[in-house]
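Okay, so here's the structure we're looking at.
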Ligand SMILES: *Cc1c(COP(=O)(O)O)cnc(C)c1O
């Protein structure tokens with residue numbers, strides 16, 4: 001299997017050497033608040049609890065593996081983003097990180113807007129009552145049926161991703177007698193991950209219309225000439241799991257440069273600028289993400305400064321955090337099935353899930369941490385690799401982690417920061433059933449996405 005040092009992973013392979021877990025943490029039972037949801041703690045027996053309920057009880061009621069999501073923490077993070085950006089900006093939660101109807105209702109109640117990027121995500125959002133005008137529709141290849149549905153529903157904006165789509169959306173809207181508000185997604189030649197970014201002249205990727213070579217300016221020209229659409233702004237999304245704001249600085253500079261050109265050429269000042277998502281979270285204690293208020297301050301300052309320099313009225317800013325809202329709010333609970341010490345190498349700990357509930361380690365070389373959850377232990381730390389039950393040697397959940405030496409089958413272990421891109425990327429590989437997402441709050445737990453059953457699987461298999 002070829003492993004890429006991928007942008008969406010927490011860090012480039014060349015930033016930290018392989019196997020940098022040289023020393024075990026001082027206390028294996030400790031819970032670093034950076035990686036755990038707000039209400040997670042250990043009770044007087046040492047059992048991990050969330051929202052006031054211990055994981056042994058949760059495992060009994062909901063089984064393992066399962067994702068447990070701290071609703072109070074989710075709402076607090078959503079609110080922190082909303083408050084940080086204030087009334088002059090919009091926060092769109094990126095639904096692809098994790099979407100369910102309960103989540104849509106929480107977002108609605110907390111005043112966030114919502115990004116969707118498929119008919120399925122749009123259907124979920126609408127069925128949970130998210131007002132259509134607060135939905136943005138993304139994607140590099142929306143079908144005509146999806147576009148029609150979005151326009152009919154009255155979504156607040158469609159983010160155009162290609163020349164074909166400019167015409168397609170304008171045509172559908174006109175047919176329906178609408179004027180659809182749109183943004184154009186451009187690529188500004190900035191690719192940002194974690195602690196560094198690359199600024200190039202060209203963008204070799206499928207998303208967006210390149211600023212280079214005057215292509216974005218041409219897209220704007222065409223959009224402004226079509227009756228079915230109203231161009232309200234420019235969109236840029238530069239990467240994922242970003243800690244360093246300087247990539248946004250270069251991106252904003254280039255986007256504002258385009259706004260300036262648009263003003264000079266067409267005499268219009270577009271009222272909105274969307275800087276995308278990609279803000280990083282802590283997967284392990286090594287990660288130091290910024291708080292929403294710091295990010296809001298930095299981004300607002302950058303855009304304001306760039307616009308002042310270009311003598312443009314500062315447009316309304318929007319951002320699209322996904323991971324940074326939901327990622328830290330959930331952990332995955334697994335039951336240990338086998339423990340296999342390999343002399344001189346490490347101990348392989350097999351759990352009852354794996355790459356079907358968390359593909360990020362296999363896909364992006366992502367890093368996670370893990371703790372023994374059903375009890376505390378003062379046994380010596382042992383270097384472990386937490387692996388799943390799939391027929392694939394790359395089926396790794398946590399590549400390097402220290403766990404207590406007395407870890408045994410039947411123990412429950414918990415992997416934090418699995419709220420984003422785990423359930424939403426889950427698969428049925430090996431016909432494994434996808435785990436439930438259980439929301440826990442104030443001593444109550446309820447499945448907001450139930451566990452898949454064999455009946456669910458067989459229903460699709462029509463023989
Ligand atoms: C994926 C994506 C996001 C969200 O990214 P996060 O890393 O989850 O914050 C936001 N906007 C766009 C356009 C995206 O593709």
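Just so you know, glycine gets a Cβ as well, placed from its N, Cα and C.
Taken verbatim from TrEMBL:
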BINDING   278, 320, 321, 322, 323, 421  pyridoxal 5'-phosphate binding site
BINDING   323, 360, 364, 392, 421  substrate binding site
DOMAIN    73-326  domain 'Orn/DAP/Arg decarboxylase 2 N-terminal'
DOMAIN    332-419  domain 'Orn/DAP/Arg decarboxylase 2 C-terminal'
MOD_RES   96  N6-(pyridoxal phosphate)lysine
Under 6 Å from ligand 1 by C-beta, which of these binding-site residues make it: 323, 360, 364, 392, 421? Sequence order, please. 323
Smallest Cα-Cα separation from residue 322 (pyridoxal 5'-phosphate binding site) among the recorded positions 96, 360, 364 is shown by 96
Taking the Cα of the residue listed as 'N6-(pyridoxal phosphate)lysine' as the centre, which of the binding-site residues listed as 278, 320, 364, 392 lie within 10 Å of it? none
Spacing of the two Cα atoms, residue 364 (substrate binding site) and residue 323 (pyridoxal 5'-phosphate binding site), in whole angstrom, works out to 15
Report the DSSP secondary-structure composition of the domain 'Orn/DAP/Arg decarboxylase 2 C-terminal' (332-419) as helix, strand and coil residue counts. 5 helix, 40 strand, 43 coil
So, in DSSP terms, is residue 320 (pyridoxal 5'-phosphate binding site) helix, strand, or coil? coil
Starting from residue 360 (substrate binding site), work out which of the binding-site residues listed here (278, 320, 321, 323) have their Cα within 10 Å, and give them in sequence order. none
Spatial neighbours of residue 321 (pyridoxal 5'-phosphate binding site) that are distant in sequence (at least 6 apart) but have CB under 8 A: 81, 91, 93, 94, 277, 279, 292
Residue 421 (pyridoxal 5'-phosphate binding site) sits from residue 392 (substrate binding site) (Cα to Cα, rounded, in Å) at a distance of 20
Other C-beta atoms within 10 angstroms of the C-beta of residue 364 (substrate binding site) total 20
May I have the list of same-chain residues other than 278, 320, 321, 322, 323, 421 whose Cβ is within 8 Å of the Cβ centroid of the recorded pyridoxal 5'-phosphate site, in sequence order? 94, 97, 240, 277, 279, 324, 325, 327, 420
